[in-house]
Structures are given as structure tokens and as C-alpha cells.
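Asker: What TrEMBL records for 749-770 is compositional bias 'Basic and acidic residues'. Feature annotation from TrEMBL assigns compositional bias 'Low complexity' to 782-804, 825-846, 884-901. Under the heading compositional bias 'Polar residues', TrEMBL lists 812-824, 906-923. Feature annotation from TrEMBL assigns domain 'Ig-like' to 16-106, 109-193, 205-280, 285-388, 393-482. Annotation source TrEMBL lists domain 'Fibronectin type-III' at 486-583, 585-682. What TrEMBL lists as region 'Disordered' is 749-943. Residues or ranges marked as transmembrane segment by TrEMBL: 698-721.
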Amino acid sequence: CFFEQRRQFDFEFSSIQVQIIPTQGEISVGESKFFLCEVVGDAKDIDWYAPSGEKILPNRPDIFVSRTDETTSSLTIYHANVDSAGIYKCVAKNGNKEAQATVQVKIFQKITFESAPSPQEFNEGDDADIVCDVVSSPPPAIFWKHKGAKIEPLKDVRFRIMSNGHLQIRGIKKTDEGMYNCEARVMARGEIDFRMMKVIVNVLPTIRARQADVNATADIGSSALLACDADGFPEPTVTWALNEDGSELVIKDVKKVDEGDYTCIAKNKAGEKTEEVSLNVFVQPKITYWKNQTASEFDEEVTLTCEASGDPTPVISWSFGNRVFTEGEQASWTRPDKYESLDRNVVVRSHARVSSLTLKNVQFTYAGQYLCTASNSIGQDTKPIYLEVRYAPKILGEVTAYTWEGNPANITCEVEAHPGASLVWFRDGLQLPSANTTNMRIYNTPTISYLEITPDSQNDFGSYNCTATNVMGSESKEFLLIPADVPSSPQIQQVEPFSSTAVVEFEEPDSMGGVPIIKYIVEWRLLGEDVWHKPSLRLPADMASITIMGLKPESTYEVKMSAINGKGKGESSLLTVFKTEPVREPTAPKLEVKAQKGGNSFKVNWIKQDDGGSPIMHYLIRYKAKHVSEWKPEIRIPQGSEYVLLNGLEWNTEYDVYVVAENQQGKSKPGTLSFKTAVQPTTIPDATGGGSGLGTGAIVGILIVVFFLLLVGVDVTCYFLNKCGLLMCIAVNFCGKAGPGAKTKDLEEGKAAFTKDESKEPIVEVRTEEENTPNQGGGGPTEPNETTPLTEPEPAAADPPSTAVDLLPSAAANSVSEGFSTAQSSPASESTALTASASSPAKAAPAKPPPQNSPAAPSGSPKVNPQPDVGPLVDLSDTPNAPPSSSQAAPVSQPVSAPPAKADGPQSTCGSAKAPDSSQGQDLQVAGPTEDAPNAPCTDSSTRQNEYEHFHCICVLLLNLWR
């Protein structure tokens, strides 16, 4: 048993064993892999053999064999392909001992996308073939997905998966655009891979012209815009058949030659489309020929010609003043400012672009400016053509003139002539003025001659001749100077009586006497009385009635009228008797309204009519907006007032207002009136800086200026009070002098009441600030006395009594929301709060009596004129002026106190040691012992001069800084 085991042991260790790791191999095409051949036992040679049986040599590039050590050899297959597959063998030899092992190498194709481009573009409507070329071994199964969903051709026949794995889409649409997933699977290995591909669907351009026909006007420097809009994908580029790019073609300074058809082209990857745009060029009318003409009166005819160009062909018309003539018209017309007429003497003819205006039987009234107007659908052009007509003089004007002895009168000879005419006056064959006519003068203008005659006797009245002459002929005319007479009597038509007034309606005299009426005289009296009331009235020419006022109720009156002209007073009319009405209620006042500044305030005036024979006590005013039913609370205005102000009204609202006059007999009928307030103005920010508001920049600039002025004011105050600030620094550094109130050189050198020994305290103190005692000037406000005016006199009212209604809401529950004031006091109504201000003479407020301990004004003080030497003021208003106050307040003689010294330096006290005179003994007091005064530094006027120089220097510096 022992020997058997030993024999077996020797056998095992003397044989060779071979093993390949890994025992099998699968390699993907293109990959590399190595195998190890391990030998157990002593082996001299370890060789590898290819599947073809050939020994693999070490120098092959695709298969590399190397022996690592005594017992190991490796086989490396680089970039395997299908030819690399097979059984590889490793053989180990040692003498006659040999062992071998094999390994089967399998080569397979992994999923490989050979062609899967992205993006892939197709035209809309084409059959798209989405390429996805995949190889593997075994061949893969191909699946397609779109928008995350698997494409199933059975559900949508437009989709089809081809045998080569491509995806076909029949009639691809824009909605089919997007990302597609091509997925490959090898079931045997569980291998999967995919590719995402973007599919772009290009859309053939569509193009449309914004305007198929574009109209433009030539020769005016305008531009024509031809525009095409194109759609498609990708965004198409638009070009024109010309050399312009873009969807818009701009033709600047359009000419007629630019007219025609233009083609715009839209192009992208899907193709191109074209569209035509027509440019129609129109030309504004332009008159190219016109000429002024000259003719003589009574010529057979004269023709005016006008030629024009334009497209469309312009229509030419003629006008003279307000009359328009058109082609083919044979017109009859009259010039309203002349005395001649044209009877079918105007003929207009047109041919192509030429028109003519023919005037037959030329009259002098034909002269003037004719307008030739050429017009078409896009404009017009007008040129004036002047027709000059030469004619003999034509004398115009009234042939009669009226005057009286001693009163100068003008006889007017007006002439029309071309060329101009000379005018000569004759009487009885003698040219005027003659040597014997001293009462006549002649005044000439280019077209009028005035003969001024001042009759001395009846011989100066009669006929005068005016003769006008020019190169075309002459004309004479007789003028009559007739003696004027007084007017006849006016005719009283009727009298409409009231209680205290009467309205007299009349007709003007039948004869004016040849000269205008100056005024009328109305005379009336109580029946049976001898005294006539006769005010003379100047009435407008169209006035036909006069109102007599101040009559007694229920009384009988006689009235008559007469007229006065320059010659004198005419006869009176027949007496007319009327009787006034009994005492009754007043007649309704007449109302007028006027908008005030702002737009929502109105002034309502009323004109007093007949008071009914009893004085009017007051006026009652009510108003309301039309859209509401309730009237505002009644306003009672005292008699004598003439208007009321309505304030704070609603914007853009119609209002009704009525005013009733009331006397002891009752109320009148209301005088009514309606008005509308303005639309409320709105404030609009001015973005351009124009308009009435200030812009942001202007406001900021104003704030900066105000801030700068404030700083300057503070600095000036600090300069004069505290001797500090920027101005103080400027004065010291630039002017070379100390500021006002600073210590003088004398004080710095010790000439004041301080010792030169600096180790000691000053032995004498000079007072630099006076102490004011009570009841002295400067110690407090002056107490008023009998000469101190407490208030200024109130000015006299310049306007008639007024009433203001303020539409502001009241806090009181029972008060009216409108407040108003009147010029006279009156009892307040229960529903209205009245604030009356009577227009009585202004009174000065009583002066407060002076206190007992107030010092009286010194007897030696100079007297001051209490009033300035000015003339009296004349009040031109209708209301009485307030009488001036009986006494004018004179200025109070204030006690004189010594001015206090500045804290920073002593002030001048020159002369303070002198004894005060009689006029100052009670008012001037010096604080401190008098013996100390001479020790104070005494400065004269040089201190003020120094301050003036400082201030002048600073002003110059500030002026330069401002510039």
C-alpha cells in the first residue's frame, strides 16, 4: 500500500496539467480580451494555436501571445471581429510530455447605431423616411416612440416601420414635428439601446401683400411703402425682384416713373412663393400756365387762360369772389358790391388740361382777381389771374347834404376810375374854391373829394358840380346842399302803466330834418299840475320805448315827447293820458348770469323793475340742479342788493334759479333763469415739459435755488451776529479785514481798560451792553396811546352790494350747506345762515388808553406831520365812499435808548460821557458808572466804513460766483 501511494505521487508530479482562464469567452465586435494559460508542472514550451490550427506567432498585430513566467502564457485578442471567433488551444510541452487545453471564443455584434442623424428635416406634406440604421448579432428588434408614446402603425396608418428599421410617415404634418426615440433590443442578451432624433417639418412659405394696390403722390418728396407679409417654417426671407431685401420695400421721393408692378419673393428651406404689388403713382395738380389780362370797358370780350397738369387729369374751375364757374356754364351773375351785372356773359370752356374763361361785353365791374383752381382726387392748386379793366370815371354817393347856417357840412364826391381820375368842384361854372369863397375847403383822397361848406347865408345853399376826368373820359354830377330843419314830433303809440313806472312806446319822427336825431325829451306831469318832469335821454337808433320811473300809484299823468337834432328841438307830440296802477306786488326782476373764474361759480344779477308802488323789502333767491327735485333753501337778500354769487356748484350740471322781489303787498312773479356749469378740469402730467405745469427738472431746480438762498441767508445772519460762517472766512482771507464788530487793533494792543500785565486780571471792566430798565425804549413793546392807530381805515366799497353763496358742507345738523354774505344786514331766515357786511363808513377802532406809568412824549421832541402831503382820492364807483376818519394817527415819539453792544466786541460809545441835552435827558440812560466810559475804545465813522467795505467785497464775490 505504501509503495502504491508513492508511485502515484511520483506520477502526479512528473506529468503536466494545462488550464485556460477564463474557460470560455464572448467578445463584442471591436472589443479586446485576453486569456491566461496556466501550466502545472514543468513545461519547457507553452504555445497557442488559432482556430485554423496554425501556431500563433508573437508578432501578429491582432493577436498577441506572450509568456509571462515559467508556468503562464497569455493570449490577447485586439479589436475582435467575426473572423476572430473559434477554438483556441494552449499546448504545454516538456520533452515527451505534453498537455493542452482549449477555449471557445464567440464574437458577437453589440447594438450599434450606424446612422441616426438628428435633426432630420422634411417638408410638410412629404412622405418622411426617418432614418435609424442599427446592427447587432443577432439582428435587433426596432421600436419607435414619439412624445413618450409607442408608435403603433396598426392604429395610425400614416406610420409604418420599414424592414430596415426606418420610420415612414405618410404626408407628414407640422404637428408631427418633435423628438422621436429609435429603440433597439436584443432579446437573447437583454441588450437595449436607443437614440433620440429631432424631426423638423418645414412649411412652404405663404406670402400676401398688405396692399395689392398702393397709391402714392409724385413730386412732393413722399415715400411709397410696398409691403409683403410671409409665413412659413423656418421663417422665410422676403426679397424683391429689385435689389432690396426685407418684407418692406420703400421707394423714396416717388416719381411718376416708379409706377408699375413689383414682385416680392418669400423663400425658406421648404421652397419659395411670390406675390405682386402694384404701385399707382398719382400726381397732384399743378397749374403750369396762367397770365394776367388787360381790357377796356365796352370791349367785345376778354379771355383768361389756365393750363394744369396732374394724374388723374385735374378738373379746372374758375371763381370770382363767392361765385364759381364750371365748364360749359354760360352764367348770369351779379357782384353784390357793384352796380353792374353780367347777363349771361361768362363762358367756360375746357379741353384736355386747358381751360378758358371768356367775359363778353366787358364792364368795369369785371375787374379784379379771378382764381383758377385745378383739382383731382388727391389735391388741388390755385393761381390768381388779375383782370385789369380801364374805364372812364364813375361818380358814386348821395347827391344831397343837409346843414344850417354856421354849421359846416361835407359834400362827398366818390369816384371809381382806372386809371385814377382828377376831381374838380364847380358852382355856377366857376371852379371852387374861388377868391370870393372863404367858407369853403376841399379835401382830396385818391378816390374821394370832400367839399366842406360852412353856410353864411341862404345863398350858400344850392347846387354844386363835381367833375372827374382820366384818359378814358370824364363824368360830372350835381350835388345839392339843402337847409336842415328841426325834426317832426315822435308818435306815442301806447303807454303801459304800472304802479310806480310806465313804459312809453313810440315811433321816430316822420321827418328827421335832414340830420340825425341827437336825443329825445320825455315830459310828464300829474294831471292838473303845471310843472313838467322832462329828462332828456340819448337812445340807441333801434330803441322804441322809454320807461318812466318814480311815479305815484293810482295817479293820472300826462306825457309827451319831442326830438332834438343838430338844428334844434322839434315840436312835441300830442298829450297822452294814462293812470298808474294801485299799490300791488312788484314786477318780476330781470335776471342775468355770468360765469366766474373757475367754472363752477356764477354771478346772478337782477334788474329791478316796477316796485308796485311800495318799496321792495328784500329779494328771495332759490336754485337747484335740474336733475334733482328739491330746491336749495331760500336765500333772503336785503333790498339794494343787485346780485348773488353761487359758489361751489357741481361740475357739468344744469341749474335753475329764480329771484322774487317782495314788498308790503306781497311777492312778485319769479324771474327765472337756467345755466350750466363747466366740465371739471383735469390735471394731466406734462411728460414733454410743455404745457402749463412745471416739470420735474424745474421743480428740482427751484428747490435747489431756494435751499441755496436759505443757506446764504443763514450765513449772512451768522456773519453779522456771531462773526462766523463762510462769509466771515471770505472777509478775513480774501478781503484782508476782520468782520464787523470784531476787536480793533487798538483793543488788541491793549489800549482798552485792560492792563498790559497778562498775569493779572483786568482791573477795569468796560460795559459793552447797556441794561434797559423797564418803561424805557427797547425794553418792550410800546404801549398804545391816543396817537397810535390800532387799525387802518377800511377802504370804501368799490363794487355794488354783493351776496356770495358758498356751497360748502356745514358741520351743523340744522344749518344750511350754503353760506352767503350781503352788503347790508337783514334778518336771517330760519333755514339760512346770513353773514352781513354793511357798506357803512369805516370807523377807526378806539385806541387803548395809555397806562398810568407810561412816560409822556418829551416836550422838546420834534413834531411830525401826521399825514403825507397827497391829494384826495376820488371814488369812481357807484356806491358811496366811506368818509375818511376824522383824525389821523401820528407816529408815536419813541424813547431813544443806547444801542446794545455786540457780545464779541465793544461798540462805539463816542460822546457817551457828554451830558445829555434837554431833549434827551429823560430818554438816554447809560448803564454803568459814567467815569468808566472814557476807558472804552472809541470808534468813529471808520468802523461803519470798514463794515461797508466788508459788505461790498462780499457782494462782489457773490456776484462773480453767481455768474
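Using N, Cα and C of the backbone, Cβ positions are placed for all residues, glycine too.
Describe the structural context of these features.
Answerer: Residues in the domain 'Ig-like' (16-106) partition by DSSP class (helix H, G, I; strand E, B; coil) as 3 helix, 54 strand, 34 coil.
Broken down with DSSP, the domain 'Ig-like' (205-280) shows 3 helix, 49 strand, 24 coil.
When the domain 'Ig-like' (285-388) is classified with DSSP, helix, strand and coil residues number 3 helix, 72 strand, 29 coil.
Within the domain 'Fibronectin type-III' (486-583), the DSSP-based counts of helix, strand and coil residues read 0 helix, 45 strand, 53 coil.
On the 0 to 100 pLDDT scale, the domain 'Fibronectin type-III' (585-682) averages 91 in the predicted structure.
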